[in-house]
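Asker: What TrEMBL records for this protein is below:
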- 1-34: region 'Disordered' (REGION)
- 36-424: domain 'Amino acid transporter transmembrane' (DOMAIN)
- 41-60: transmembrane segment (TRANSMEM)
- 66-87: transmembrane segment (TRANSMEM)
- 124-146: transmembrane segment (TRANSMEM)
- 195-213: transmembrane segment (TRANSMEM)
- 233-255: transmembrane segment (TRANSMEM)
- 267-290: transmembrane segment (TRANSMEM)
- 310-331: transmembrane segment (TRANSMEM)
- 343-362: transmembrane segment (TRANSMEM)
- 368-392: transmembrane segment (TRANSMEM)
- 404-424: transmembrane segment (TRANSMEM)
Amino acid sequence: MVSDKKNPSPSSSRKLNSPPAEETTPLIDNTKPLSSHPKTLANVFIAIVGAGVLGMPYAFKRTGWIMGLLILSFIAASTTYCMTLLVQIRRKLDSYENGTTNISSFGDLGFAVCGTLGRFVVDVLITLSQAGFCIGYLIFIANTLLHLFHDEPSSDLGLSSGMSRFTVKSLYIWGCFPFQLGLNSIKTLTHLAPLSIFADVVDIGAMGVVMLEDLRLIMRRRREVKAFGGVSVFFYGMGVALFGYEGIAMVLPIESEMKDNAKLNKILALSMGLTTLMYGAFGALGYFAFGDKTKDIITSNLGTGWISSLVQLGLCINFFFTFPLMMNPVYEIVERRFSGGRYSLWLRWLFVLIVSLVALFVPNFADFLSLVGSSVCCCLGFILPGLFHLLAFKDEQGCKGCSLDIGIMIFGVVLAISGTWFSLMEILSAKE
């Protein structure tokens, strides 16, 4: 690997930027205790697994179950490779500066390779991705509560079905708004840290309950399913998968916390492999259980029993309290850029308002996952790692290495354009 090079050329080292103090605001405190290999494996798993898994069965319905499994495997392998590219870049920069580059985040890496423009692009994309995750949380909460308590809204409100569902969904989102203002006003996340453990327990428990219910339904009745969808839904499935695997921005902070980072690549491969098996099983079982009736949020397919209701409410509570945790990187970025790194209440409230307003106008959970995955996550996961690696290693790697980096970038651009277009068409057609 390039990090083993002892004598980098002076011309190469001069092309790399060392971040000045005002440009470095690490997302993770480097004084934290270093992590063992098992803890690192758990950290990678936590960074990857999120709300995206709930849209996997619907994505399998659209793409077909075999195509869905192939897409998941391909995206997992590609994302793992791009994670290793970022690690290679950081290690090369550390070798130039004797380990004093203080690169602890994706933004730091962007600045070191491309200067202020690199950090700006990474900051914008991370802001959009984190805000996109939180928009997905609000959509899930509103749609789930709508399903649980207003299954027939038009009879209650005397309105047309479409207008009634939109009105009730708006009420749930605005009902969360004042509480989110309060939670997002907290300066430090120390008091919210236990909620991340609760979130992981709820996620795993909910997935277990859903998969058991899927198995029970599959044994009772086999539904007709398709193995492959059309070419157009291929890009849709890629977008959903990218959203599900979006944890690439956390690989550098996670490596910074490792006691022994020599085995990071193996840990990444193991974690991504386990996640792929879980995603594949969850998506396939959900589709096999409900067939063409699979909904965009798989928990909406569960019955009205108290167990399914508890699972859905638990997930709502989970995403409600995860919201400020996911928005924290956004606040660190905007406060560094617009308030000199000082706490800014009005900026936090403004972003909570923007996220809530966007959530009001997105009707379908899985379609929104595909949109965020195809646009923002594709840039973070493929285009930027390929670009940064090409710029950092163009003097060392041959034509094969440069061609591979360029190929990753071209693939990312094609997927971003086509997937974003298809997802937007799905969202707009759903609103008509």
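From the backbone N, Cα and C atoms, a Cβ is placed for every residue, glycine too.
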Asker: Take a look at 41-60, 66-87, 233-255, 267-290, 368-392 and tell me which one has the most Cβ pairs under 8 Å to the transmembrane segment (124-146).
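Answerer: Most Cβ pairs under 8 Å with the transmembrane segment (124-146) come from 368-392.
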Asker: Which bits of the chain, at least 6 residues beyond where the transmembrane segment (267-290) starts or stops, bring a Cβ under 8 A of a Cβ in it?
Answerer: 37, 40-41, 44-45, 48-49, 53, 56-61, 65, 68-69, 72-73, 76-77, 79-80, 83-84, 207, 210-211, 213-215, 217-218, 222-223, 225, 241, 244-245, 251, 298, 301
Asker: For the transmembrane segment (368-392), which stretch among 66-87, 233-255, 310-331 has the most Cβ pairs under 8 A?
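Answerer: Counting Cβ pairs under 8 Å, the winner is 233-255.
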